[in-house]
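J.: Straight out of TrEMBL:
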- SER149: active site, charge relay system (ACT_SITE)
- ASP226: active site, charge relay system (ACT_SITE)
- HIS260: active site, charge relay system (ACT_SITE)
Amino acid sequence: MALAQVSSNKCSGGYQKVFEHDSTELKCKMKVAVYLPPKAENEKCPVFYWLSGLTCTEQNFITKAGSQQAASEHGIIIVAPDTSPRGCNIEGEDESWDFGTGAGFYVNATQEPWKTNYCMYTYVTEELPRLINANFPADPEKMSISGHSMGGHGALICALKNPGKYKAVSAFAPICNPIQCAWGQKAFSGYLGEDKKTWEAYDATVLAASYSGPQLDILIDQGRDDQFLSASQLLPDNLIAACSEKKIPVVFRLQPGYDHSYFFIYSFITDHIKHHAKFLNA
């Protein structure tokens, strides 16, 4: 699977690169950002996958989060894909900011006209790791996953649906219980249809309630002044209750004064990379 380099910038001793490739899962060209720490010049490194939120591309995290310094220090490759297929010429794909382009929700769509291209779940969990492992000095046994908002939802479901695949998981302001919030209901009805039973396969709260894998240590940061928290789009309490019931360790930090923006992510990304490094470099 050929990767074409779009850009490369020296950063924190390593290189922040962006590549383009033809995705077999999504049937379109996709961009993916890859940070290679200095350690990657000489040996294999663990990989931290980052999933961004609604309206984002591969650019938001690499230009705003300030993750490269900590990744450099801990010898971790960071992989940040786009958030949806692009340019598939599907009717309605650009009509709203919270569905279609930039809003793949990390599910495998089962409904027309989305099911041909909108297979972000398999793209993130299978195609992308194959691509990264084949083209970079990545240790295939050491992966972790994180994300923000819609991407926090994505990170949580990828970890909960694949026990043992990811060594650690964390999230910033994740959509924790999408079947109970407006964003999730809109996306899931469009991508997955009206049978709400099928939605449960992509809901972190439901998945946590039935999780039976190796211990998964979850770190979640949530801004107390996040407008989407007060609008009941994120519902972290539901996930925490499910994890508590199943004795899944969760460190949940409600951060006073912080909102939903990348200023919030920038403020705590180093803590998250340290959390991942503890398990990836064990």
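Each residue, glycine too, has its Cβ placed from N, Cα and C.
Just so you know, TrEMBL annotations are computer predictions that nobody has curated.
How buried are these features, and what lies next to them?
T.: Taking Cβ-Cβ distances under 8 Å and a sequence gap of 6 or more within the same chain, the neighbours of SER149 (active site, charge relay system) are GLY53, LEU54, PHE172, ALA173, PRO174, ILE175, PHE228, LEU234, HIS260.
Other C-beta atoms found within 10 angstroms of the C-beta of HIS260 (active site, charge relay system) number 21, with every protein chain shown included.
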J.: Using a 10 Å radius around its CB, how many other CB atoms surround ASP226 (active site, charge relay system)?
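T.: Other Cβ atoms found within 10 Å: 21.
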